[in-house]
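To start, the structure under review is shown below, and the notes come after it.
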């Protein structure tokens, strides 16, 4: 139970007859015992080494049938030679030849060459490899981005002896720069001779402005992702690779449905990326799993990973969880409202400053509902479980202001911390009456660090 709620119960309990107090104590004991069994304790980490050690211990190997390799190279960007030599990592994920795969891609019309390349693949969705580079996103460069991928694919097939199956490209980094193809081809020639990567090494090899690697796993699934800015999936705004050694039917429809309920419910800055993708590959070497069981397991992993991406957003000081209930519209419209709230610069900056300026929330809710012709019937709002709005008026006082400010501070992350300190979230509930629409979205605050990261990104 939240400490602020318990504090408000004390005067009520004191006024009770002793017999009632004993009964209440027994009931609370049973309740707390049940909660302890059903509610996982949010993870906390004291240092970067503790966090990385956790990732390594909980994800010791890739799923059966997969290997992965990476190499480092340097290049001088043609478009910005004054920057000198810059580092790049080239990474390959190798499943058994002709493994089944599924994908969901960004809807950005001005998309990157990797997205176009994937869309133009013909034949069955079978793959023999994924090739990923960081630092350059291969989006609308002055040269031909598709020709660059074609050259890399030819060398990839020769190096890894994969004459059949699609080769899936993924690129992340600066938009508008050309890939340093000659240097990348040289690295590809020796890539198979490098040691196979652990999940942690693989997740680390594809990062750009991410502060730390992100991995989530379950019994049959391993998922890793990168993404820190340009986070407004639709789908898009990150690279996510999901590997499983199980075989199941209808992988494409399952992935699309799960992405809609997880990655499409997060946002950092409201900018939908040009390049990003969620790719699911099945080696199938460990037998079959039912569609129902696989979808449930996949959704759990993707939900955790999507929140990690927000938590690791550029300059993120808090992760914000917005729940919408009772909305007089469809779930998709409720999600749009939730994103409108969590993308509000005024609300985001208030959270960054640990300021429970709840008027900014009400203003955004009222504005969005008015513009989209939805009523605010019976509107009630809570922040951190504390009621802040009800019956058409705010329910704030000096004590609540202080308590909520402390609550928001407890949910914050240290400045420039390069590991996941904890999983706490600033929780905002927006509850209407009369409807069945519901949604849950996650976003980040807006800090000076976010501005600094993006102002200095190319340099």
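Quick reminder: no glycine exception, Cβ is built from N, Cα and C everywhere.
For 237, the entry in TrEMBL reads active site, nucleophile. If you look up TrEMBL, you'll see 208, 226, 237, 314, 454, 459 marked as substrate binding site.
On the structure: features taken from TrEMBL.
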{"residue": "208", "record": "substrate binding site", "DSSP (3 states)": "coil"}
{"residue": "226", "record": "substrate binding site", "DSSP (3 states)": "strand"}
{"residue": "314", "record": "substrate binding site", "DSSP (3 states)": "coil"}
Given the binding-site residues 208, 226, 314, which one has the fewest other C-beta atoms within 10 angstroms of its C-beta?
208
